[in-house]
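Below: one structure in structure tokens.
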Amino acid sequence: MRPGDIYPPPQGYNAYGSPTRQNQRPPQPQPYPPQPYPPQQPAVQYGDPFSASSQGPPTAPLHNMSPTPQEPQGSRYNASHPLQPISPSGPQGPRYSLPTQSLSPFNGSPASAPAPAPYTMGSPSHSNARMHASPPQHIRFDTNPSHLPPQQQLTPSYSYPSGLDDRLTSPPPLLPHHSSQSSVSSIPAPVPDNINYNPSYPPQGYGNAADDDMNDSHPLLAHAAPDARFGIPQSTSAMSMSAPAARYQLSDTGAGDMGVSMYTGNGNAEGQNGFGTGDGVGANGEDEVNMHYGPIPARMVRRNRTQKRVQLFQGHLVLDIEVPTMLLDQCPIRQGNEFTKMRYTAVTCDPNDFVEDRYTLRQRLYDPPRQTELFIVITMYNEDDVLFCRTMRGVMQNIAHLCTRSKSKTWGENGWKKVVVCIVADGRKKINPRTRSVLAALGVYQEGVGKNIINGKPVTAHVYEYTTQLSINSSGKIGPGGSNTVPIQMLFCLKEKNQKKINSHRWFFNAFGACLRPNVCVLLDVGTQPGPDSIYHLWKAFDINSSVGGACGEIVALKGMFWKNLLNPLVAAQNFEYKMSNILDKPLESVFGYITVLPGAFSAYRYIALLNDEKGNGPLKQYFVGERMHGSGAGIFSSNMYLAEDRILCWELVSKRECKWKLHYVKSAYAITDVPDTVPELVSQRRRWLNGSFFAAIHSIVHFGYLYRSSHTFTRKFILHVELVYQTLNMVFAWFALGNYYIAFFVLTQSLNSLGSAWKYVNIPLHYIYIALLLWCFLLSLGNRPAGSKIGYTSSMVGFALITIYMLFAAIFLAVKGIEDVQAEGEITASAVFGNKIFRNIVISLLATYGLYIISSLMALEPWHMITSFFQYLLIAPSYINVLNVYAFCNVHDVSWGTKGSDKVSDDLGAVKSSADNKDEVTVDLPIEQKDINAVYAAELQILGNKAPKEVRVVSDDQKQEDYYKNVRTNVLLVWTMTNGALVAVILQASGGDNSLATTYMGVLLYTVAGLAFFRFLGSSTYLVVRLFAGE
């Protein structure tokens, strides 16, 4: 099964959500005791336009809806409870009476003729589309042509559905308080997979005019390729989403709209798709009451709807929309607005003004408001449903784990009410359609609800809120959960424009965070799956130590089933790199109290620690400066620095004025993520990492004085000074890594030359090959994209891997030769061993470095990466220097954010505006009259008729910025290569053919590396001791 798959359709339904012919109305059990029949109101009855005698569309009603003696008594329904049948349902039941409330006819018929109230789940509004008489499947219409009003037009209309419902609906009321009533323990058993859906259930609020603004235009979930596995029916009826039996609407939807048959003057339907014959009988002679008209639309289709007047909620367009009954019937809790309605808010302001402009979220509307302890954000761009389901499953497991901690003062069975999951999609037109379908299947998104413009203001974000009760299993299958499933409060923010991840975080922190005021914020990327209890361990670090302002866990490479992914050397090398970083680097920095980077893919922050002070200065202000680093006035240093904006946030948090926050590493928390498995992906990813980390490290070193404005103790400040020296030394080594590696290669090959002249015939060609590969990398990096030069980059990495194998052979050969020389001189002693330069400078230093790797891995009880990934890392490590570093510095000018031309306001969703006499009301404006359509068309022709202005070619600001960045790139690259070349020349040529200086330098270099490894080992050991007593 692919992620996103839903459980098989319930009994009596096909794969598209439609009831089968053989079981259109299956007998239902008696889940409730029988009650008396509801009183029957005067009702209307329509004739059948599909009959052979029909000459026109439905018109005047016949006031006779009572059951006839010839009709068997079927099911009747309790109007107060839409899901409660009163008596068994037969294949043909009596008509469900309509309310007596009448409205003015939409087509200008005499007002004296009463019209039935509109069907509340999205009935068509055109004059040809009279109201649904009832949810049952057989609807009778008046077939007498004499009943047609004089002005009735029998030709199909090609305009938008018309009609205006003047009833004013109030905004969504304050949600009822559920904190004390609903709990996990009171949730009944989940709905079994084989439950029978009754296709004749009337929808909630049937005949209730107060909800018509929602139900007349019930959203249609339209996709390029609707997938029945998500529970998305392929019906083109807007009502088929929530009421399976309420899809038998007859309306003129306009030319070519969804392929629905249109009615001609003789009462027959134009068979647009060959599904019907126009007389109510299908091609096979069977009754067509459940026939689907039209193919799957390849675009977002237009819905039949009525112009509505909707009162604004606190000045904003806020809608509460019924969720589909197909979804609700799979949920154990079916009462309460948070479970039965999805809340939509059209946000027209900047994220920083969200609270100031009086926008709010559901959690603040309860009485008392719900307190949010954990606020989890999942940022995504265009990732597919597989990655999203993986992340969402991990989050659901963690929330379920929190609800099982019955002894906790914070969590327990109602712990899900203290967690809000926020999903931020970067661009409405960029989101993956299948991921959007997953969100719709969970209930937190519905197509066709959003608007582009509200009262002249462009919508910046579409916010959907819903508490889902569905779950995602290990295979990515969506459906009812088991006994461990708990509700999940979900907040889906669909940004109108693509403005990158840092803008998504601004929505999370400055808009939603400012509204909910959470305690701990957890950051996740789509594709990263936290462990089943990892989020709890992250939260526990904040709960134990009040001075912890940020924390992170271990990032684990996805190994696949039976660790098959480790067969790829790229994945294995990254697995070793991640493991050693989590064993040595992160524990060391955690002991210091300052972790240079909390990965944005899996980290957590205390919300109050990130807030700015009264003057507006603080971590969040500096963090979001990076969002403006794509303008023409941005400097290249700042632009590259904010490629690693999470490093900036960490430094600003530790050095916050008059505070003493520290960062902590939580070994018990882990998250699994995909790592690049191809060379182009790895090269592109590391370019951003290397450039961002390098310039961010320079920023923290240059602004180290900020530390003195904090309230850290003298001891903590001294320890941070030690870490400053350590980080500076690491940065110097990273800068000269290119030259140092070549020196190591030269020393090893020259040492072999001293053992015999035959080695020269191998070493001299290898030197030329090394230089040629390096130059090849420079040429590729300056003019070729990794994705477009996959063979070139891959061949370079393979070439450096072969050179590394030769260097390993040389090191082992020299080690053995050194031991033989010492043994030949006499007894093997320590002084004799250290007296041999080659053995002392090369072998011992390398053994010390990698020996510490093995010891620290054993102490951490994680030795397996040394067995499965160590050798692959040794082969790929030279490419980290000679390929990845070269590409990063050659493209230091590439800081584009990809948002050029994104200032255009889309209008494909439509706009709403306030009425002239009441600013608190908005109406949906649709072109109806043919003259309006012609006027728009004439305006377009006039634009084409005008002569185009002469184009004047000028150099744009973007071009000037690009030229400036390229010049800086050239200068940085020149300085980097010249300094590394000067180092090589000084070390190799200063002694005039004698290799003693090069050998000595090599020994100092290797012992320095061993010393740094030992320093990291001490920090890792200290962390393990502290963790032992901290109770993590």
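Cβ coordinates are placed from backbone N, Cα and C, and glycine is handled just like the others.
Feature table excerpt (Swiss-Prot):
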| type | residues | note |
| --- | --- | --- |
| COMPBIAS | 1-11 | compositional bias 'Pro residues' |
| COMPBIAS | 26-41 | compositional bias 'Pro residues' |
| COMPBIAS | 65-78 | compositional bias 'Polar residues' |
| COMPBIAS | 98-107 | compositional bias 'Polar residues' |
| COMPBIAS | 143-160 | compositional bias 'Polar residues' |
| COMPBIAS | 176-188 | compositional bias 'Low complexity' |
| CARBOHYD | ASN78 | N-linked glycosylation site |
| CARBOHYD | ASN215 | N-linked glycosylation site |
| CARBOHYD | ASN304 | N-linked glycosylation site |
| CARBOHYD | ASN473 | N-linked glycosylation site |
| CARBOHYD | ASN545 | N-linked glycosylation site |
| CARBOHYD | ASN691 | N-linked glycosylation site |
| REGION | 1-220 | region 'Disordered' |
| TRANSMEM | 728-748 | transmembrane segment |
| TRANSMEM | 762-782 | transmembrane segment |
| TRANSMEM | 796-816 | transmembrane segment |
| TRANSMEM | 842-862 | transmembrane segment |
| TRANSMEM | 870-890 | transmembrane segment |
| TRANSMEM | 972-992 | transmembrane segment |
| TRANSMEM | 995-1015 | transmembrane segment |
Going by a 10 angstroms cut-off between Cβ atoms, which of the glycosylation sites ASN473, ASN545, ASN691 has the sparsest surroundings?
ASN545
Do me a favour and check the Cα-Cα span between ASN691 (N-linked glycosylation site) and ASN545 (N-linked glycosylation site); whole Å is fine.
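For ASN691 (N-linked glycosylation site) versus ASN545 (N-linked glycosylation site), the Cα atoms are 34 Å apart.
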Under 8 Å for C-beta pairs, could you tell me which stretch among 728-748, 762-782, 796-816, 842-862 has the largest tally with the transmembrane segment (870-890)?
796-816
Among 728-748, 762-782, 796-816, which stretch has the highest count of C-beta pairs below 8 Å with the transmembrane segment (842-862)?
796-816
Looking only at C-alpha atoms, tell me how far ASN473 (N-linked glycosylation site) is from ASN545 (N-linked glycosylation site), rounded to the nearest Å.
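Cα-Cα, rounded: 34 Å.
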Using DSSP with the three-state reduction, classify ASN691 (N-linked glycosylation site) as helix, strand or coil.
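Where ASN691 (N-linked glycosylation site) sits, the three-state DSSP reduction gives helix.
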Based on DSSP, name the secondary structure state of ASN473 (N-linked glycosylation site): helix, strand or coil.
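In three-state terms, ASN473 (N-linked glycosylation site) counts as coil.
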